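According to TrEMBL, the protein carries these features:
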- 1-20: region 'Disordered' (REGION)
- 8-18: compositional bias 'Basic and acidic residues' (COMPBIAS)
- 31-403: domain 'Amino acid transporter transmembrane' (DOMAIN)
- 67-89: transmembrane segment (TRANSMEM)
- 126-148: transmembrane segment (TRANSMEM)
- 160-178: transmembrane segment (TRANSMEM)
- 185-208: transmembrane segment (TRANSMEM)
- 220-242: transmembrane segment (TRANSMEM)
- 254-278: transmembrane segment (TRANSMEM)
- 298-324: transmembrane segment (TRANSMEM)
- 336-360: transmembrane segment (TRANSMEM)
- 366-388: transmembrane segment (TRANSMEM)
- 421-445: transmembrane segment (TRANSMEM)
Amino acid sequence: MDQTVNEQNERDHQEEKPNQSPLSFKSLLWHGGSVYDAWFSCASNQVAQVLLTLPYSFSQLGMLSGIIFQVFYGIIGSWTAYLISILYVEYRTRKEKENVSFKNHVIQWFEVLDGLLGPYWKAAGLAFNCTFLLFGSVIQLIACASNIYYINDKLDKRTWTYIFGACCATTVFIPSFHNYRIWSFLGLGMTTYTAWYLTIAAVLHGQVEGVQHSGPTKMVLYFTGATNILYTFGGHAVTVEIMDAMWKPRKFKFIYFIATLYVFTLTIPSATAVYWAFGDQLLTHSNAFSLLPTNGWRTTAIVLMLIHQFITFGFACTPLYFVWEKVIGMHETKSMCLRALARLPVVIPIWFLAIIFPFFGPINSAVGALLVSFTVYIIPSLAHMLTFRSASARQSDMSRKCMFWVQNAAEKLPIFLPSWAGMYVVNSFIVVWVLVIGFGFGGWASMANFIKQVDTFGLFAKCYQCPPQGSTTAHH
């Protein structure tokens, strides 16, 4: 007799769940798998260093466009995360009907694509996802060096990158997303503090003398700013891994959307306030910390963001660790020390790339346009349309007799979009919009801006956007 997916998931995940009191200290801090853990993971991972670059994006876009793009990309990002969750459940169901066990195995996005659509989709998913997560990790290292410089400028940013690369390498000892429980909780607290510090500090500072809000002025800057926001709400490249770490993955459904609503309360007020206060100065100050006065509140925000960037580095890098473990046959090894040793080679190219391209701000837009556009917007939308393109694929679930499958069929057709035609219209719109605006115009603009940074500062820049020697300003 076929078992329902929720029973099977619960059984498999309960096997992985440690046999200890739910109130034990270790369980409280280390072993996460609840709906709340998933929400904290999504909300904490969605905004990290990008919080500091959103005012820069507002200076490129203008206030109104900046707010509209945040809401727009937040909504379509939540939609594609929902599609990914549907595809994950579909993949897991099919495999469990074939009696495939996932004990000690973390399901990843490229495996979902492989199981549902075949090897070419697996290759595409693997290429885009891994490259995005690689550069996502690179961006966290760059951000660490950029931020610490505002506390201690005795060392240049490149030296700080060496130091933080070594620190972030310790994430090899965190086994999986189950073990980010306390880190996700603390991480969200850190970004919340930083966002409201930026908001309040900017308002108290007031507008600088002669402030101008001239954006948008150039098309290249406009689309660069837009793709940074696309990048901001494209943090769900780790959705499948977060779902797989849940005791009951089918409950993920709208968690990402609820997390996004909370993230709006951080990103919109902070970016709006800082842009209101400093205006066009932000065009040459991609890190919002650089314009705010030095005091204990700012130092606290910088330290908290440094810790959070370590956490986000782990979030971005852990799926890469899993892929590498699977390549070398170490993924199901029980010894964490052996796995940690095997993971270390993944950190080396990240370290190297952070030293080559230290362009905090512009690199976000380039990654958003060229990688995030496909990884978390286009590929999930296309994959959902192709997986359920046949009538039999849509109706097979309805023919199940168990109650869960009636509910699951409703998931695929949400209340606010009760027809397959509507689903295809929404998915097609996302594919076309992101392909043309995000990848096309955004790719052109962000690469033009990125190349400009290379021409201005050079590769391996020792101290990107630092003040001239002897300058006493707190600005770049």
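Placed from the backbone N, Cα and C atoms, the Cβ positions cover glycine too.
In this chain, the transmembrane segment (254-278) lies close to the transmembrane segment (220-242): three or more C-beta pairs between them fall below 8 angstroms, excluding pairs fewer than 6 positions apart. Across the candidate stretches 126-148, 185-208, 220-242, 421-445, the maximum count of CB pairs under 8 A to the transmembrane segment (160-178) is reached by 126-148. Only pairs six or more apart in sequence are counted, and the transmembrane segment (336-360) with the transmembrane segment (126-148) gives three or more Cβ pairs under 8 Å, enough to call it a contact. Beyond the transmembrane segment (220-242), the same-chain residues lying 6 or more positions past its ends with a Cβ under 8 Å from any Cβ of the stretch are 38, 41-42, 45-47, 50, 53-54, 56-61, 65-66, 69-70, 73-74, 76-78, 80-81, 84-85, 88, 106-109, 112, 129, 132-133, 136, 176-177, 252, 256, 260, 263, 267, 283, 315-316, 318-319, 322, 361-362, 364-369, 372-373, 375-377, 434, 437-438, 441-446, 448-449.
Only sequence-distant pairs (6 or more apart) were considered; of these, at least three Cβ pairs between the transmembrane segment (366-388) and the transmembrane segment (421-445) are under 8 A, so the stretches are in contact.
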